[in-house]
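K.L.:
Features from TrEMBL:
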TRANSMEM  31-50  transmembrane segment
TRANSMEM  62-82  transmembrane segment
TRANSMEM  94-114  transmembrane segment
TRANSMEM  126-147  transmembrane segment
TRANSMEM  178-197  transmembrane segment
TRANSMEM  251-273  transmembrane segment
TRANSMEM  285-304  transmembrane segment
TRANSMEM  316-335  transmembrane segment
TRANSMEM  347-368  transmembrane segment
TRANSMEM  389-411  transmembrane segment
Amino acid sequence: MNLSSWIDLSGVFAELPIIIPLTPEGWKLPSLIGLCMCAAHIGPLLLIIIRWRQNNRFSEIPYIYIIIIIGIISCCIMAVSWQKTVVLFGRKRSIWLLSTIFTLGFLDCTSSLVYFDYMKRFRARYLSATFLGEAFTAIPPTLLAVLQGVGSEAICVQTANSTIPEATYSQPRFSSTVFLFCIAGIVFLSLIAFILLRWTNIVAMADAAEKNPLNNIKSSIEIQQHETFPMNIDIQPTQLQHTSEMSFSTLILLLSLLVFSGAILIGCLQPLITYSLLPFGQKTFYYTSILSPLAYPSACFLSFRWPTITTRTTIVETIIGVSLCIFIVCTAWQSPCPWMADTLYGSIVMVTTWFLATLILAYIRIAIGNRIKMEWIDEKGMFYFGISTELGVILGTIPMFFLVNIFQIFVERLPCQTYCKI
């Protein structure tokens, strides 16, 4: 069931190398998607208000049906309309694409609360299936992207009536429409899984039901308020033993590192993905869109071996991860002609840097969450963890939106034009 959480937006990000050259927003599209995702976080807030108003009468089951069904419909609408544009304020804009992304973001952010709340009905050991489901939401879209192949590479064609070559774009093995319909099909499988949970005796056969659900898993309102698009891998699901208590100053330090790393990794880098990668070629963007999402389940596997790390190690690894992110930002700022542009060596460096930065900061996020869960005595520790993650995303995304779209300090390349003359 939890595979439907974030798999649709993971699919959108995996498809960006093919979609971006064909939209009027071009390289600015990721920053607009980031703004849509920030606005979509109103979903969990509305759910908290509804839960507070209904109190004991609240049931998460109707919301699960609504989230999955509307998610399927939204994926299908996006599949047939993502290239449609609307003239707004004198310019063509991808209103259909952005509105469906907002809808999916609204649903996915809300699902993180609802799905975990539903898990209170099952024994604690089954919570790991929920975490693993979220951890692997990036894998099916990645496999589809590999099967699809590289697309939207500019092919310059010289015309008789112009001295400037015109750009046409190569086609992948199957279109983005087929890709998005496949994602909708995977979400539909999640709907079938939930129906089977509700209306068959699978739960009884597995003896999975919690005898007294109120005594086991806490409400998701306290556990899960920290989900955001393809960065959503969370606390190690294994049973953690409480150790020495964490001081308040240590908690503030860890939460500050969480805010800072989230702001730069999710808030800053995602809007700059085109400016940092496309100067090295379409294939560089394509391979990064495949490998970077795999950094999240890789970080999850690392947390099985090393659930927590010391404060000093956390600081050192944060500095390393942020340094890699700063290198990516500087490369984006140099666009359209950054250092090592149009070279194989530069492509390898950028793909590797993106993967390592994502892996390091994703693992730090999990390790910090594990430490708070183990050592902070207040039950609201995970709530603070979630709020810090969301705050970091907002603090990074909104300023970057203005830098990219309003002040336009980052410059994109036009197809079939020569840059970086030696």
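Just so you know, the numbers here start at 1 and follow the chain as drawn.
Quick reminder: no glycine exception, Cβ is built from N, Cα and C everywhere.
Remember, TrEMBL labels are computer predictions, not curated facts.
Mind running through what each feature is packed against?
P.N.:
Sequence-distant neighbours of the transmembrane segment (94-114) (same chain, 6+ residues past either end, Cβ-Cβ under 8 Å): 4-6, 8-9, 12, 19, 23-25, 29, 32-33, 36-37, 39-44, 46-48, 60, 63-64, 67, 70-71, 74-75, 77-78, 81-86, 88, 134, 220-221, 224-229, 232.
Non-local neighbours of the transmembrane segment (316-335) in the same chain are 257, 260-261, 264-265, 268-269, 272, 275-276, 278-279, 309, 350, 353-354, 356-357, 360-361, 363-364, 409-413; each lies 6+ residues outside the stretch with a CB under 8 Å from one of its CB atoms.
Within its own chain, the transmembrane segment (347-368) is flanked in space by residues 231, 233-236, 254-255, 257-258, 261-262, 265, 269, 276-277, 280-281, 283-284, 287-288, 291-292, 294-296, 298-300, 302-303, 306-309, 314, 317-318, 320-322, 324-325, 327-328, 331, 340, 385, 389, which lie at least six positions past its ends and keep a Cβ under 8 Å from the stretch.
Taking Cβ pairs closer than 8 Å, the transmembrane segment (389-411) reaches residues 27-28, 31-32, 34-35, 37-38, 41, 225-226, 228, 258-268, 270-272, 275, 332-333, 335-336, 365 in its own chain, all 6 or more past its ends.
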K.L.:
Quick check: do the transmembrane segment (31-50) and the transmembrane segment (251-273) share at least 3 Cβ pairs under 8 Å, counting only pairs 6+ apart in sequence?
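P.N.:
Yes; at least 3 Cβ pairs under 8 Å.
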